[in-house]
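Engineer: What TrEMBL lists as transmembrane segment is 20-40, 52-74, 106-125, 132-154, 174-195, 216-237, 243-266.
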Amino acid sequence: MASSHFPLDKTFLIATWLESLVYGFYLCLFSSSLFVSTTLRKSQNNHGRVMLYIGVVMFIIATVHLAMNLYRLIEGYVVHVYEPGGAQAYLGNLASWHHVFKDTLYATQEIFGDAVAIYRVWIIWNRDWRPIVLPVMLFIVSCISGYTVCGLYPTISPTAPVFSPVLARWIKTFFVVAVVQSSLTTGLMAYRIWMTNRRTSQFKIVTSNLKPVLKILLESASLQFFVELILLILYLAGHNAQYILLEIVTPTVGITFTAITIRIALRMAAQGYSDNNHVPSIHSLSLNTMQRMRSIAVNITQTKQSTFDQGTVSTGVDVESGQGKVEIYRPETGLASQPVLPS
C-alpha cells in the first residue's frame, strides 16, 4: 500500500517543482554542449554529428516530459480542482492519456540512454560484441517491461494505485534492470579505461591521460545510478515519494549523456588537443631509448578523442626489430593500419 504520510497532491507538486530545477540545469548543460560542438571542434565526422543528434533528441524528450507535467499540474489544480476527488483524483488517474504519454516519454528516455551506454561500451572495447551480450539482453528486458507498463495503464481502473499487483511486477522489473544496466555499462567502460591506463603507465615513454577520463565517467554516471537506485528503493517500500524521483529521471538521463561528452571535450580542448594533432608513433622515440629496450615488446593503446565516440588510436611496436604499426580505429570507417618503420 502507498504511504499515507505523503499525499499524492503534495507529491505531484514537489515532483514537478524538482523536475523543473533539474531541467534548468540540463538546459544550461545542453546549451554548453551545443557551443562546444559548434565552436571547439574544428572538424566533426559523421559519427560525431550522430551523437549530437542523439543529444538533441534526449533534450526534446525531456522538454516534452516537463511540459506534460506542467499541463497536468494546471489541469489538476485549476481546471479539475472542484470535481470529485479534486486534483489528487485527476493526477492519480493512471489510465488517462496524459499520464500514459508522460510515462511513455520516461520509458523511452531511459531505454534510449541504455542504448547509448551500450554503444559506448562497444566502441571502447573496439567493437567487440562479447562485453555487450549481457547489456543487450537487459536492454531487451527493459524494452518489454517498460512498454508493457505503458500498455497496461489504459486497462486498469482510474482509481488503481501504481503499486497494484498487475503493474508492480513489470514496474519492479523495469526499475531493477535500469539500476543493473547503469552499473554494468559504467563498470565495463571504467574497467576498459583502467586496464588501458594501467598497461600504458608501465612505460615511461608514454604519458597517459586516461585517469581524468575515468574520473569524469564515474562522476557523471553516478548521478543517474543513485537516482534510479533511490527510486527503486522507494517503490519497493510502497512510498508515494517514488513519484518525486520518477519525474527527475528523464532529465537526469540527458544530463548524464551530455556531461560525459562535454567534460571530456572541454578537458581535451584545454590541453590543446584537436583532430589534427600529431599521433604519437615510434618515430618520436630516440634510438638510444630503443636500444635500452631491445628485449622488451611493447603494445600500447591510447585514446586521443574528445569523447568516447570518436575512435581509437593504437600503436603496436616490436622494439626488438624496431618495426611496428599504427592502428586507427574509427566507428564510421573501421580499422586501418599504417606500418611504422624504425627511425
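Cβ from N, Cα, C; glycine included.
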Engineer: Checking distant contacts: for the transmembrane segment (20-40), what same-chain residues at least six beyond its ends satisfy Cβ-Cβ under 8 A?
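Structural biologist: Residues 48, 52, 55, 59, 62-63, 66, 248, 251-252, 254-255, 258-259, 261-262, 265-266, 269, 306 contact the transmembrane segment (20-40) from elsewhere in the chain.
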Engineer: Are there residues at least six beyond either end of the transmembrane segment (52-74) with Cβ under 8 Å to its Cβ atoms? List them, or say none.
Structural biologist: 12-13, 15-16, 19-20, 23, 26, 30, 33, 37, 44, 90-91, 98-99, 101-102, 105-106, 108-109, 112-113, 116, 247, 250-251, 253-254, 257-258, 261
Engineer: Counting only residues 6 or more past its boundaries, what in the same chain has a CB within less than 8 Å of a CB in the transmembrane segment (132-154)?
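Structural biologist: Here the qualifying positions are 94-95, 99-100, 103-104, 107, 110-111, 114-115, 117-118, 121-122, 125, 166-167, 170-171, 173-174, 177-178, 180-181, 184-185, 188.
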